[in-house]
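Colleague: Below you will find the structure I want to go over with you.
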Amino acid sequence: MIAAWSVEDVRAAEARAMEPLPDGELMDRAARGLAKVVTARLDDIEEPRVVALVGSGGNGGDALFAMARVARSDSDADVAAVLVSDRGAHKKALVAAREAGVAIVDLARSGADEAHDEALEKACALVAEADVLIDGITGIGGSPGWSGSSAQRCRALIDAVDDEAYVIAVDLPSGADPAGVVLDSEGVWADETVTFGVAKPVHLLGTSARCGVLTLVDIGLDMTTMPVAERLDHDDVAQLWPLPASDDDKYSRGVLGVVAGGENYTGAAVLTVTSAVCAGAGMVRYIGPPTPTALVRSAVPEAVCGIGRVQAWVVGPGLDADAESDPDADGEDVAQVTAATEALDSGLPCVVDAGGLDLLDGPRPRAGARTLLTPHAGELARLLTRLEEREVSLDDVRADPVGHARRAATLVHATVLLKGSTTYVVPPEITGMPVRAVAEAPAWLATAGAGDVLAGVAGVLLAAGLDPYDAGTLAATVHGLAGHDVNPGGPVRALDVAFATPAWSPG
Ligand SMILES: NC(=O)C1=CN([C@@H]2O[C@H](COP(=O)(O)OP(=O)(O)OC[C@H]3O[C@@H](n4cnc5c(N)ncnc54)[C@H](O)[C@@H]3O)[C@@H](O)[C@H]2O)[C@@H](O)CC1
Ligand SMILES: Nc1ncnc2c1ncn2[C@@H]1O[C@H](COP(=O)(O)OP(=O)(O)O)[C@@H](O)[C@H]1O
Ligand SMILES: [K+]
């Protein structure tokens, strides 16, 4: 598990760690770790040119101390540092860099505009030549985007970076929101981010794509609070995935009931049931009108059609929730919605997806029933608009996905799995548990039917006894990994994702 702590908690942990240590020791540890990573990346480059962009705070200090080490290393690198702030740079770090032979370009505005513009142009030319660009402008002290007197300079310098250059962000990509909330701020996109002590939310939440590969340098922080965000790794998948024991039978392993896919969206029935069978359900029971039932019977012979005992439900993929109130609706469609409502009224664990979300008007009637909602952003906006009786738009949800998922989790007493390029699994606030973020999936997974497949996997995990929080995170992680497997770098078909799931269930 990779865990991330809030900026406040990281600062408190740094202060605790620094107390018994000599002045500067913590930053020295950070710079040593950073320099080691940078020199390792120079290995394959002949006479590498390294340029660091340096801000006025601790982040720039890390970068300068590290550049001093790189300049003294036997890497034969040509090392330069561009000071971007009018406030200069960390004093001791600047002395160390100068003494080690790092070429310093100071862009602080000290005279005429023309002189400044000329200096910026020269700095941009230097940056354009860099094989490796070190981004030490801002770290956890930064606010999203560029601001202040250095904004225009930062913009020009980052624009000048060559597409082929390897960009290493110090602690986090400058301009990215350290809290990972503001998603579209301008700034650096890194190939690699070297962070210190522990990960921060920026590395795991929706901003994670701009961090590139995350490398953690231990500087001896001791965290005493709960993380605010988490991400599963492959070991967690192996550990959490429920395995059958020798004395298990199909019922003890978990029977999943699927209420999905009416006469209109027959594919949702086939996809959800197929995915549940592939994810290793003890048994899958399908409940729906005649056409999808016939399709399920022929496509997934392992499934059993009709009502019977189950351990958990998937309610909603492709479900026409309006059938009950539509006088023209087919009787079989109405019966399916009745079955969906009965599942929601039961105390059994339930994945509620798509049309099933329209049947919710608050917490499920049986207190404590385990519930996982799996909306995409549009469905979450619609659900909140109804439950809160005020307009919540798609853009609102996109601007603060975790906050909106949290609101729905609190209103429905459920864990909310909000689907997207980063999928968030958000438990109700009262649990105090971290948000789980999953960003395994290729963008090709944004294809019709992929959500039905995800619902099937999550349902199987609920039926096997996992709680919605683990079931949701594990399902989204495996779904994304399977999405990569079926066609790395190319189009993905939802049904193929279902067929690829078994490869990720260990054992
Ligand atoms: N405290 C310590 O001993 C340690 C600090 N560390 C480093 O120090 C960093 C934190 O240092 P600071 O608290 O000095 O903060 P930063 O260095 O992250 O940033 C502060 C500076 O950036 C400017 N700034 C903020 N937002 C900006 C924006 N949007 N556009 C342009 N300029 C902006 C501020 O005005 C300020 O001058 C960490 O991220 C890490 O890199 C590490 O060395 C670990 C140990
Ligand atoms: N840009 C993206 N990158 C990666 N995965 C994505 C992206 N956009 C959507 N997804 C994933 O694709 C799936 C789409 O689900 P959903 O919208 O419910 O589709 P459907 O209802 O057609 O099955 C979800 O698992 C979601 O997380
Ligand atoms: K940085």
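Think of each number as a place in line: the chain as shown, counted from 1.
Glycine residues also receive a Cβ, built from the backbone N, Cα and C atoms like all the rest.
Features from TrEMBL:
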- A268, G318, H376, D452: (6S)-NADPHX binding site (BINDING)
- K419, G420, S421, T422, T423, G451: AMP binding site (BINDING)
- 10-227: domain 'YjeF N-terminal' (DOMAIN)
- 233-507: domain 'YjeF C-terminal' (DOMAIN)
Colleague: Could you check which of the binding-site residues K419, G420, T422 is the closest Cα neighbour of G318 ((6S)-NADPHX binding site)?
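Modeller: Nearest listed residue in space: K419.
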Colleague: Per 10 Å Cβ neighbour count, which of the binding-site residues S421, T422, T423 ranks highest?
Modeller: T423
Colleague: By the DSSP assignment reduced to helix, strand and coil, which category contains T423 (AMP binding site)?
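Modeller: The residue in question, T423 (AMP binding site), is strand (DSSP, three-state).
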Colleague: Enter the number of other CB atoms within 10 angstroms of the CB of G420 (AMP binding site).
Modeller: 17
Colleague: Which residues of the same chain, at least 6 positions away in sequence, have a Cβ lying under 8 Å from the Cβ of D452 ((6S)-NADPHX binding site)?
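Modeller: Sequence-distant Cβ neighbours: A260, G261, G267, A268, L271, T272, S275, P317, G318, D353, A354, A494.
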Colleague: Taking the residues the record says bind AMP (K419, G420, S421, T422, T423, G451), how far apart in Å are the two Cα atoms that sit farthest from each other?
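Modeller: The AMP-binding residues span at most 14 Å between Cα atoms.
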Colleague: Over the domain 'YjeF C-terminal' (233-507), work out the mean pLDDT and round it to an integer.
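Modeller: A mean pLDDT of 95 is what the model gives the domain 'YjeF C-terminal' (233-507).
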Colleague: Can you tell which of the binding-site residues (H376, K419) has the fewest other C-beta atoms within 10 angstroms of its C-beta?
Modeller: H376
